[in-house]
């Protein structure tokens, strides 16, 4: 007997494999966790009670790690954060051996962040439990794209026909890639803008409109998403100086006037104030949804953990 599941994927490794209706299903699932997080005196559910969630972050993180930890704990999971700095990885253990070790411990969920593109897929191929990609190199960051989509839908009520401008360091941003894929699947028109040194070659193949002038890119835009300069991934020479970058590509109050009157300003964090975005814009609650993105992140990750666990139980025939 074959099972028909609303979300038939064993892992969540990227947005690219998902159909639009599957993305919308995850957004709908997240809505009930938004309600729980906002309304409940005790923010706790037993959906993952008795299950073990391991967060293995091979790359530094604050928001994403905390968000996944809170999400797992609110669902009742036993959450373990793997201290990579003190692990056998630092002693030369291969990624595959690490994956086999984690699998032998019978973890029920693995949340992985890694600096190498494709590393999370490599781990997923070696383990029995669901794997969630918390960001791999310059490849994808699916839960960030999902929480961004959730934020946009809650503010705008739709995706079809929206003009979304993604601005900044597109070259090194896995967030940009996942957001582009998700938003286009959902019917939005995506523009990208940045200096030519920070725009990946052939990105037009993803269906985006490319700009090198911020004013033109955000003109009439419904959503403006700013990205930080990922200097930790740069060898140098990508921009002349932070001052010049801000002058050309920093979002100011004056530049924001070029966008739609009800423009939504977003940023995945962390912010570099005075570089890609001015404080006056980031802190303006009329336009800025940056804090709301953080809130939606917990609910969205709760939904992903819950959905993948339910899918596994259905396939395994567990009660």
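Note that Cβ sites are derived from N, Cα and C of the backbone, with glycine treated the same way.
Reduced to three states, the DSSP call for residue 64 (carbamoyl phosphate binding site) is helix. Marked as carbamoyl phosphate binding site by Swiss-Prot: 63, 64, 113, 141, 144, 269, 270.
Classification of residue 174 (L-aspartate binding site) by DSSP places it within a helix. With a cut-off of 8 Å between CB atoms and residues at least 6 apart in sequence, the same chain places 135, 136, 137, 138, 139, 140, 141 near residue 174 (L-aspartate binding site), listed in sequence order. Residues annotated as L-aspartate binding site in Swiss-Prot: 91, 174, 228.
Take the mean position of the Cβ atoms of 63, 64, 113, 141, 144, 269, 270, the recorded carbamoyl phosphate site; other residues of that chain with a Cβ within 8 Å of it are 61, 62, 67, 134, 135, 175, 268, 297. The sparsest Cβ neighbourhood within 10 Å, among the listed binding-site residues (63, 141, 228), is found at 63.
Between the alpha carbons (Cα) of residue 144 (carbamoyl phosphate binding site) and residue 228 (L-aspartate binding site) lies a span of roughly 15 Å.
Look at the binding-site residues 64, 144 and count other Cβ atoms within 10 Å of each Cβ; 64 has the fewest. The separation of residue 270 (carbamoyl phosphate binding site) from residue 228 (L-aspartate binding site), Cα to Cα, is 7 Å.
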